[in-house]
Amino acid sequence: MSSYGRLDEHEQAKLEASRKTKKRIAIIAISSIVLVCIVVGAVVGTTARDNSKKPPTENNGEPISVSVKALCDVTLHKEKCFETLGSAPNASRSSPEELFKYAVKVTITELSKVLDGFSNGEHMDNATSAAMGACVELIGLAVDQLNETMTSSLKNFDDLRTWLSSVGTYQETCMDALVEANKPSLTTFGENHLKNSTEMTSNALAIITWLGKIADTVKFRRRRLLETGNAKVVVADLPMMEGRRLLESGDLKKKATIVVAKDGSGKYRTIGEALAEVEEKNEKPTIIYVKKGVYLENVRVEKTKWNVVMVGDGQSKTIVSAGLNFIDGTPTFETATFAVFGKGFMARDMGFINTAGPAKHQAVALMVSADLSVFYKCTMDAFQDTMYAHAQRQFYRDCVILGTVDFIFGNAAVVFQKCEILPRRPMKGQQNTITAQGRKDPNQNTGISIHNCTIKPLDNLTDIQTFLGRPWKDFSTTVIMKSFMDKFINPKGWLPWTGDTAPDTIFYAEYLNSGPGASTKNRVKWQGLKTSLTKKEANKFTVKPFIDGNNWLPATKVPFNSDF
């Protein structure tokens, strides 16, 4: 039976604290609503002043709502945005969240049509068939990612931006594969098929980026502590993070539930067989111990294989080796010796080699398109396109990366920390370029961050021109900071992709690097190259803000520096 007496001092204090907390949350929520109204009003007011044409209308002839106008104004493809959101049911009465979800929904529908178009080809030659096959896989990845986006909370702004950035990357990679086939008609086919879905994806990304900035302004972003004593941090994918805590103690080899050994002393002799046993979409880690040996196989960690932890006997002892390459007819995206798509993947003490050699051009050793992935004390060994950091959030610590042309490339949000980056001797007539970052859209939260690494030659490269990188796409983003550069780096530092300059829209930066190759005195004079960042600007590319690492790396027990 309840007692209805006077509260003691302790209970009274708890009640008062609870009231203050609720009041604080209410103030924040009201502030958020007020700010959204102010910003929407400002945007719409600006649009009205700048637009002398008749206002766009919904399908039923009614004027487009204030929310639709505000959201479409921040997009890169406004006409497509008005067309898309204007067709939303009850668009004039829909909230920004509902309109965003609708934008994602119609993008899924459009990409499903695109997938059908790539799946129905007949009588194709080998190059066309290979490129179309790559597109089928990539568009499938995009659809899956958008479906996950549909079920996520709108407050998960970092996650949503990452996932929508990856959806754009998947479509761009499909286009790259079609261009690689070197058939103008195939390129035109791809451009026509992908135009609508690419614009829709870009618009959804722009909308969530803008909404995230509003939330940031009022400190209402997820994972932030409320100023209360009993507040908890909300982290990305909490069940997965909790599961990873199984890694916190003990020898991972002894914890392994699956053992692979060339000599037959394990359950399996190949890594592929071991992965087939892994439970799909498991929130807890599946630890696979791969004993020393050279495993001659192309390995794929599929998108449904979550939280796989693979441990070897050493980066020069447990080696995965294969030789797929572009010259022999495989699209770059599918040449990887080891390819990872399942989120939460971790590898340590392993080596990944593509043996194709420099004459075979693009030949990837490791390709990663898995969110929240980690590589610790691993070696990636090839020539052109060694390390394909394709998409999502990734972290590499104490790794060794060898290569020649564009050998760290892709469009992930990726941090390389305390790694050795070793350019090697290329083919005759070639020059070395370490990075080729593939950011295509200004709203993508992607880029390559090289932090506290060592850049030195593997071979004698005194007669070889070696550059820090070249901009693969229009918004290419690469930052090298607090790293050692040996004297073999060309004083110009960076190389254009084509012509004699780079797009003004790139973001390249060097910050507090050391060594005889680190001087920025004679660097190229590009508008997009920054050689005098402030500490605050450079810090944006460290683990904590750039890949949200403080929320998911601690559970892996891999050492990392969250900032400077």
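Cβ atoms are placed via backbone N, Cα and C, with glycine included.
Cross-referencing Thr330, Thr332, Thr435, Thr505 with the substrate binding residues that Swiss-Prot gives (Gln362, Arg470, Trp472) picks out Thr332. The disulfide partner of Cys399, as annotated in Swiss-Prot and taken from the candidates Cys419, Cys453, is Cys419. The recorded positions near Asp385 (active site, proton donor), taking a 10 angstroms Cα-Cα threshold over the set Asp406, Cys419, Asn452, Asn460, are Asp406. With Cys419 (disulfide bond) as the anchor, the candidate recorded positions are Asn90, Asn196, Gln384, Asp406, Asn452, and the one with the nearest CA is Asn452. In this structure the alpha carbons, written CA, of Asn147 (N-linked glycosylation site) and Asn90 (N-linked glycosylation site) are 22 Å apart. Around the Cβ of Asp406 (active site, nucleophile), a 10 Å sphere holds 25 further Cβ atoms from the protein chains shown. Each residue contributes its Cα atom, and for Asn196 (N-linked glycosylation site) and Asn452 (N-linked glycosylation site) those atoms are 41 Å apart. Of all the glycosylation sites listed (Asn90, Asn126, Asn196), Asn196 sits in the most crowded Cβ setting, with the most other Cβ atoms within 10 Å. Note: the CA-CA distance between Asn452 (N-linked glycosylation site) and Asn90 (N-linked glycosylation site) rounds to 52 Å.
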